[in-house]
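Record features (TrEMBL):
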TRANSMEM  7-27  transmembrane segment
TRANSMEM  47-67  transmembrane segment
TRANSMEM  79-99  transmembrane segment
TRANSMEM  119-141  transmembrane segment
Amino acid sequence: MLLVVHAALTWALVGLILTIQLVHYPLFSRVGAEGYAAYQREHVTRITWLVAPLMLAELATGAALVLRPPTFVSAASAGLGLGLIILIWVSTALIQSPVHGRLTTGFDAALHARLVTTNWLRTVLWLLRGVLVSGWLLLALA
């Protein structure tokens, strides 16, 4: 059951990051200078309420899978899964969150480009996690 919950969390976050990366972030440049700072502050507030509980739950269930992996999931594979989560958190804390913070003062094309470009790291990491946990689910069915 833990694995199913973990996989559901991961795939929810994969869907969310793809939407953010392919739709939402590119549209930041279309908001307009006048209302951009308020828009960005509201974005940060709203997205945090959505993504933070999912990320915390993914981290907790990922750690639980390392501590008690299913018999068909190797310790190395479970560790890889948790390692990918940690890399996502580090990227969020050290790169994307500070850029969002700077964008709350107003639109800056260079910062916006940095956000879109660097967010590909999280997008790819979450996609890799989706593939990894899907593999685990397939092993569970074998």
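Cβ atoms are placed via backbone N, Cα and C, with glycine included.
Owing to the predicted nature of the structure, the values given are computational and were not obtained by experimental measurement.
For the transmembrane segment (79-99), the partner stretch with the most Cβ pairs below 8 Å, chosen from 7-27, 47-67, 119-141, is 119-141. The list of residues near the transmembrane segment (119-141) in space but at least 6 beyond its ends in sequence, with Cβ under 8 angstroms from a Cβ of it, reads 3-4, 6-7, 10-11, 13-14, 17-18, 20-21, 25, 70, 72-73, 77, 80-81, 84-85, 87-88, 91-92, 95-96. For the transmembrane segment (47-67), the list of distant contacts is 2-3, 5-6, 9-10, 12-13, 16, 20, 73, 75, 78-79, 81-82, 85, 88-89, 92: same-chain residues at least six beyond its ends, Cβ to Cβ under 8 Å.
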